[in-house]
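Accompanying notes for the structure given below.
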């Protein structure tokens, strides 16, 4: 079975995440190790449709594992959502002699590749690369560790000012559907409260927490808000607090895209390295339509349907800890 | 003359800036060196009015020079703007036996201290501590070097994403009246354009620059916008570009308060150390109503009126260089 | 059972590790949460013998979770190894009314506490705080994540020079008995080879790897050597390579103590937070003579004897990945 | 005069320094701006002799200004020290049509180019790129600001451990002939003492300082030692202190090559940008055999002979400040 695959195409798609380059490097070097050829498809599905493909070897991925972003670039492709677009992509892949695909990205990327696999049967494996850590089937996604550290560094800076002025800060971090970055940067940043999409904190509960902190003379008050907050974004929450009391001197910072970039942490590089090798080895073992993941520090492969039907739930223990420590 | 001063009160006021703690430490240790007593006045003029004063010695300022923010805290004081408030402050200072003052802050802080000096004649020196570098009479203010590096690190992260997606980013940095952070983080961040309060770039000129970059196939497009932009803030500029063309995939990031905090750079710590010693020595030499500054790497003292009547102009050469390099 | 414990003493001992302060804070705030009193014992067993103890409450541990080192300080105590020393320590503990102990440190710390528990029966729990990640019974120790990132940042800097000069660098990282920092900073730093205490790499094998890299035109050559290397330290290995061939331009850097300090990563802060709360809850549940750990993202408690009889083995998979990627 | 030069060759030589890439980029983009052609000579004089030359344009230097090291690589060339080597280099330069040279490096680089200029008359300008800041004719050299910040970050980490254990650390920083990094990282790192090549501190004076710190209960003791110390390196000094007293718990860290790499600070990028443009404009104005520098924030050009006959003296004021603050 193994010898049927000889040319593997790798690409990145969706939002970029730190560690994607480490994953690309691992895929390419694992190909070299197993005497397979690797090709890089530029700009995700867009480059697949346009035939924008480059040759990659062990040397061409030198000195990239420490860089943020993706050297293969990424793009959103409307055309790939059409049957005609996917047909074009398939024709290009055949022309290049690519007989298996590895995609690095998030759920949008996976959905596209799943459809493509169903239509054309090209062996395919996905690597979870997204800062949100919002995918079932893996304990961690590539980029999440770095993004959370970036958020915490920013919170540390903001705390300097909060402490110096006895201010209340609302800090918005990424996570449209997932509170992973928020809850963990909140614990690590010593937040008084964390607002995440998964948990039904009401504004009154938030208010109570802030009031209590005031009473017990808490030195700084930071509230970390996930993008996907159900009770209003950071600006909206700040406004509501202001309306209820003039006690607090309030500021808002939205960290935004700065959480996506930067040199990946060791954790993301090592995770990406394991997953990149795991993806190649999975293909060579005949796996397809799966996502490679890491559970309890071991490589696992989960079927696309299994992953997409579940959500990556927030650890209830973390929520509990966050509350105890914000005393 | 020297021996008239025996107890110096030091305080921080206005927005905090990285390096303020290094300045406090330098003031206190210089006092120890010259056998003077130093007292810390908490929360600026607020603490002066309330008599919130602590004793400081060489040991109590240990292990603070690497910390952002200010251990003496800062606040805005409405009461100090009234004659009654200032009278209270003066009475407290007399009660404490403080016979000279050193303030670390920006122009608002200086104006307050100048008025106080005129009314009560307490010998006073200001140390320029503000990230904006917007004070005449010194080449650099404390905190500016750190803030610009923080902005550049953020821009570096954002560039990873900009490059991966061929996006156009508008990045707003601090500087309500001054383009220092913007122009220098713009040059250092490889910005396609920099919008500052001091220069009359029109939207059409900006548009032209962006279009040219598109033509010559520039890989990333970053526009750095100072808070005090005269042609609209980062969000407004992004909107205008979107309205004129759908060519660009545009995102906006407002760096905000994260530029204020963090461990100061070596430059800010050394600058603060020189200025802190300089302030104490200035007082002992009989100087008053002046700001200590550094010009061409030498300590200088300028009268309050001289400083406040001038602005710290942006180096024309930097504007020229920024344009050549954004080719 | 729970209500028997009302005053918990916490201390740090052995080499400091980033995240120890976050663990102290978590212990103290969990005590507040469960209406228990917490005392800080200064300088480990030394302070226990001398009765150097401070009161801690939720506010006194504010603004420390982001700091490296330990606010309770650490020391080695010869006297505690004697029965007389331990008796003194016990008397002090009784005098203070402390009825349970939480120690943060490594195996030396644990051994001391175990002996103390056997002799005096004071309920005791250990929290693993050491950068080496060399303790069985937990997937991660506090400080390891930060130290590995610090090592990787240093390797990234050194790679800039290695690449610019086509040089071979030997970089020595911490780990006297454990290759965790070495293997993971090696993978993350793109090392050509990693020398760890657990694996019997011969000098000839190392030589072969370096030669191969030369042949395939590898751009940089970094060898990461754990302190506990069995075939010579970084300087010795560099000497041997020089003796065998003048082909390589070789430099050595020993990272040393700089790996111990710095602001902890989010991971170490969150780990320390979970463990700190876990230690208090363990004591309240009647556990003693155990180490709190995290296995597969869940809090576990292991008996002292179980932990000390095992070693924390290096993941064989990581060794395999390191080899594939150094192609 | 201006139109005589149409093709400029740029190269880096000697030890790499952060900001060299920003200087290369500035040279190339200034060439584009003035309608000149730019070529990159690889590996300094080595590549000149071998004819290893690449074409550079505005796009090929995109996304390099934030990277440490040098994309043109660097090497030491023995052959260039011979008349035959220089003749070969000259022939290659003629063949390529290069009619002016810009070298980025330190005094060794400049001496080579000066000789070459004297022999063959090729218009030449040097840009000071070295972390040591040891060149007369400029206030700052490229890389110095970054290296000093790197040293200070390392010292900050080490201070965490020093404070936690009440230890004395000797930290060796770069600077074979110059104490710039040492004195400024010493002030910024809160060192108890700084040992530099330019100043005749005796061991007894050092000893006295350390003893005094002990007496006044100084919390940490850090001694920063420049590589070029005249009274022994960090290891030797530590040994001497140990021999005289067992009071101190002493450790040594040699920062080494990690000071050379890393992303340049904003200051180094902006400095390099100004100097790169300044070098091209100098050549076009007919200047030759000069080094471009920055004095009091203005571009200056100094003749090679003027620079080499002077040393870049340490600011006496900094030495004075260092002493006052180590109280």
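Each residue's number is its place along the chain shown, starting with 1.
A Cβ is built for glycine as well, from the same backbone N, Cα and C atoms used for every other residue.
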Which of B:9, B:15, B:175 belongs with B:76, B:77, B:106, B:107, B:108, B:109 in the ATP site listed by TrEMBL:
B:15
Listed co-binder of substrate (same site as B:130, B:131, B:132, B:167, B:174, B:175, B:176, B:227, B:257, B:258, B:259, B:260, source TrEMBL) among B:215, B:251:
B:251
Other CB atoms within 10 A, centred on residue B:260 (substrate binding site):
27
Around residue B:251 (substrate binding site), which residues of its chain at least 6 apart sit with Cβ under 8 Å of its Cβ?
B:161, B:167, B:168, B:169, B:170, B:238
For residue B:77 (ATP binding site), the nonlocal same-chain Cβ neighbours (under 8 Å, six or more residues apart) come out as B:44, B:45, B:46, B:49, B:85, B:112
Helix, strand or coil for residue B:258 (substrate binding site)? Use DSSP.
helix
Just to be sure I understand the packing, how many Cβ atoms besides its own are within 10 Å of the Cβ of residue B:258 (substrate binding site)?
26
May I ask which residues of the same chain, at least 6 positions away in sequence, place their Cβ under 8 angstroms from the Cβ of residue B:106 (ATP binding site)?
B:14, B:15, B:128, B:129, B:130, B:132, B:134, B:135, B:141
Sort residue B:25 (ADP binding site) into helix, strand or coil using the DSSP assignment.
helix
Near residue B:25 (ADP binding site), which residues of its chain come within a Cβ-Cβ distance under 8 Å, counting only those 6 or more away in sequence?
B:61, B:64, B:65, B:273, B:276
What other residues of the same chain, not counting B:15, B:76, B:77, B:106, B:107, B:108, B:109, have a CB atom within 8 A of the CB centroid of the ATP site?
B:13, B:14, B:44, B:105, B:112
Do the binding-site residues B:25, B:29, B:109 include any whose Cβ comes within less than 8 Å of a Cβ in chain D, and which?
B:25, B:29
Which of these binding-site residues, B:29, B:77, B:132, B:258, are close to chain A by Cβ (under 8 Å)?
B:258
The most crowded of the binding-site residues B:29, B:176, judged by neighbouring Cβ atoms within 10 Å of its own Cβ, is B:29
